[in-house]
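Colleague: Mind having a look at this structure? Questions to follow.
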Amino acid sequence: MTEPTVFAHGGHAAEGPGWLPLLPVVVLAGVYMVAAVRDQRGWDHRRTAAWLVGCALLAVAVGSPGWLPDDPRGHMAQHLLLGMLAPLGLVLGAPVTLLLRVSPSAVRRATGRLLRSRAVHLLAHPVTAALLTTGGMALVLLTPLYAVAERQPVLHHAVHLHYLAAGYLFAWSLAGPDPAPRRPGLAVRVGALIGAAAGHSVLAKYLYAHAETLPPGLTDSDPAAFRSAAHLMYYGGDLAELLLAVALFTTWYARPHRRRPAHRPSPSPSRRPMRLIKGFASEETP
């Protein structure tokens, strides 16, 4: 006998084993742990802990029914976990750096080419990532997409994947410890974070003020529940953005060029990530 997964809005998702959504999370955690053990130079346990925390938050978001309420508040909690909190933990796990350290030279070269590609540069730019994460949420709440996703499980899964991917790109573009060619300076990243936080807050307030009519297209809307969801979105988003700001300044301050003696000139900011990637790509397999 099967039970509906927690991905459902209003209980309309496709049915399947309750453990099935957890399988990708277990795979993510397991593959990372194997790679960390294989790193002959010794992988930072703090990175491993961050990754596992991110996986645990993902598990809560996609776990069996009953882990989160099946109402607008539960759906908003899923958004915060999938789109803001879990991605930060995953990003701080530095999976790309770990991949570069344990992979064969061919994989390192391919990864370096991917990181230098225009597509990655565009998608991982802080402004683009901010638009994807905040704009995606606005699209769901301000259009009939939310109501349609109630009836279309595939679309609903796609929306959640978008939350996770956009949230990861945003956290990586701001605070990722992994190498990122042509990553903008601190001012651009702080500006993108402030803009995203402002957009998130405005959207939460707008949902609260128009809970009787938003999201459009619902046949069984519960304004009180959507006001509670907007309340959670406002304050939960503030907490997530505060954590992201702490991570941003911590990783920025911890960059090697921040600790160089004053008499040693730093390499150009635009060339430093490229040099790191080229170094990984040119290494011989341990």
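Each residue, glycine too, has its Cβ placed from N, Cα and C.
Whatever TrEMBL says is automated annotation, not expert-curated.
What TrEMBL shows for this protein is this:
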- 258-286: region 'Disordered' (REGION)
- 19-37: transmembrane segment (TRANSMEM)
- 49-68: transmembrane segment (TRANSMEM)
- 80-102: transmembrane segment (TRANSMEM)
- 123-148: transmembrane segment (TRANSMEM)
- 154-174: transmembrane segment (TRANSMEM)
- 186-208: transmembrane segment (TRANSMEM)
- 232-254: transmembrane segment (TRANSMEM)
Colleague: Check the transmembrane segment (123-148) against the transmembrane segment (19-37) for contact, please; criterion is three or more CB pairs under 8 Å, pairs 6 or more apart in sequence.
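Modeller: By the criterion, they do not touch.
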Colleague: Excluding the flanking five residues on each side, which residues at least 6 beyond the ends of the transmembrane segment (80-102) place their CB within less than 8 Å of a CB in that stretch?
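Modeller: Distal contacts: 32, 35-36, 38-39, 41, 43-44, 47-48, 50-55, 57-58, 60-62, 108, 111, 115, 133, 136-137, 160, 163-164, 166-168, 170-172, 175-179, 232-233, 236-237, 240-241, 243-244, 247, 277, 280-281.
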Colleague: State the non-local partners of the transmembrane segment (186-208) in its own chain: residues 6+ outside its ends, Cβ under 8 Å from one of its Cβ atoms.
Modeller: 126-127, 129-130, 133-135, 137-138, 141-142, 170, 173-175, 214, 226-227, 229-231, 233-234, 237-238, 241, 244-245, 248, 252
